[in-house]
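Read through the structure below, which is laid out as structure tokens, and then see the notes.
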């Protein structure tokens with residue numbers, strides 16, 4: 001589970017169905033002891049802890065890896081780290097890494113599933129899937145929806161994964177971004193001014209300003225960003241009836257979105273976080289039987 005590109009529409013539908021079942025109260029537990037390791041080389045709150053909650057709800061034994069306290073500090077490669085975990089009996093790894101496509105060196109080299117929890121500016125498939133679940137719960141469909149992805153498109157793995165998947169599922173994607181943060185390589189959407197999109201779209205998907213990937217992050221610059229490119233209270237009032245606000249979080253309040261809108265009636269930001277657990281349960285349940293005897297292996301009951 002590395003990118004959204006590898007999933008067909010049918011596979012996406014199956015994962016979302018499993019996630020909906022979990023959201024509706026379905027329970028599933030492992031029938032045998034199964035170890036899963038979480039390796040986060042970048043800071044994370046939502047993705048890391050929702051994966052851990054998902055793993056524990058499935059009855060998995062969780063190994064939380066700390067790069068600072070591991071042999072990575074002695075020069076051990078990512079490949080050797082994964083092979084070590086595989087050798088001691090770990091059945092899957094969840095990896096967040098600052099390097100784009102870190103998994104290219106691991107594909108076809110290890111024999112356990114790799115669940116990509118975000119690679120640099122590249123991909124974030126489980127974030128995309130939880131966003132898809134949130135949209136599906138709201139509208140019951142993807143076909144014909146208009147989605148605005150707003151903000152730092154160039155540096156956003158969320159923008160890439162969502163634009164590709166939503167286009168595949170029949171939605172129309174628009175981008176709104178400061179000129180210096182446009183991603184001309186992302187061909188899944190059309191750029192338009194934010195104020196043109198506000199009254200037209202069904203989903204306003206805001207992106208975090210990634211100050212850790214920029215050289216400057218000053219209060220006055222962020223205030224200007226909010227006024228020009230953020231979802232202000234005035235812009236929210238012009239949004240289409242029935243439209244919703246989404247954000248992958250963490251939220252920079254009064255930068256990407258006015259603080260009072262984070263939990264407004266349109267906002268689904270915390271619903272997205274809740275859905276993250278269900279989607280990650282579905283992805284784990286799908287990945288693990290493959291390594292333990294195929295999809296028919298009764299690992300979960």
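Glycine is no exception: its Cβ is also placed from the backbone N, Cα and C atoms.
Among the features that Swiss-Prot reports, carbamoyl phosphate binding site is placed at 46, 47, 96, 124, 127, 249, 250. Mapped onto three states, the DSSP output places residue 47 (carbamoyl phosphate binding site) in helix.
Positions annotated as L-aspartate binding site by Swiss-Prot, on the basis of sequence analysis: 74, 157, 208. The secondary structure of residue 208 (L-aspartate binding site), as reduced to three states from DSSP, is coil rather than helix or strand. Under a cutoff of 8 A between CB atoms, and with a sequence separation of 6+ in the same chain, the neighbours of residue 208 (L-aspartate binding site) are 151, 152, 156, 247, 248, 249, 250, 251, 252, 256.
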Tell me, if you would, which residue among 46, 74, 96, 124, 157 (binding-site residues) has the fewest other CB atoms within 10 Å in the structure shown?
74
Provide, as an integer number of angstrom, the distance between the C-alpha atoms of residue 74 (L-aspartate binding site) and residue 47 (carbamoyl phosphate binding site).
27
Can you tell me which of the binding-site residues 46, 47, 96, 124 is spatially closest to residue 157 (L-aspartate binding site)? Compare CA atoms only.
124
Distant-in-sequence Cβ neighbours of residue 47 (carbamoyl phosphate binding site), under 8 Å, six or more positions away:
40, 96, 117, 118, 126, 127, 276
Residue 249 (carbamoyl phosphate binding site), number of other Cβ atoms within 10 Å:
19
